[in-house]
Amino acid sequence: FLQVFLVEKAGRRSLFLAGLMGMLISAVAMTVGLVLLSQFAWMSYVSMVAIFLFVIFFEVGPGPIPWFIVAELFSQGPRPAAIAIAGFCNWACNFIVGMCFQYIADLCGPYVFVIFAALLLVFFLFAYFKVPETKGKSFEEIAAVFRRKKHTAKAMTELEDLRGSEEA
């Protein structure tokens, strides 16, 4: 319920990044809690709080925000296909995690959430460097951000190629 108001106030990208970082910290806290559970009985409370925080941060960012962003990143023509692919990927990953988690937990023991923490770090870095803010922007403005990034990267590559040919 709060997400409806937060998304327009704080912006999609910032909420998505905050949610990913919160989930990352929660996954690390769950790992610490599980690893130290045999030494300190109160670590079960740390793990429980970390699980609740993980879910809260998911509901703040990575739960709803991808649905907003996918709809805003694509123009009217490819938007339905992009939403369908994003939905399929979302549900397929949920299914895979749901079906495989017990086996991974048996294999990794208390370190099972390290896998999630590593993936969350990759997702955070990708979103930080590649995903633009879409709040209050038209599709054309968002597309212009992508074009600038593409041209900047292409110019840097061409500049490096020129430097390489001068040294040769």
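Using the three backbone atoms N, Cα and C, a Cβ is placed for every residue, glycine included.
All TrEMBL annotations are machine predictions without curation.
Listed in TrEMBL:
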DOMAIN    1-135  domain 'Major facilitator superfamily (MFS) profile'
TRANSMEM  15-36  transmembrane segment
TRANSMEM  42-60  transmembrane segment
TRANSMEM  81-105  transmembrane segment
TRANSMEM  111-129  transmembrane segment
Per-residue pLDDT averaged over the domain 'Major facilitator superfamily (MFS) profile' (1-135), given as an integer: 90
Annotated stretches the transmembrane segment (42-60) and the transmembrane segment (81-105) touching (3 or more Cβ pairs under 8 Å): no
The domain 'Major facilitator superfamily (MFS) profile' (1-135), counted residue by residue under DSSP: helix, strand, coil: 112 helix, 0 strand, 23 coil
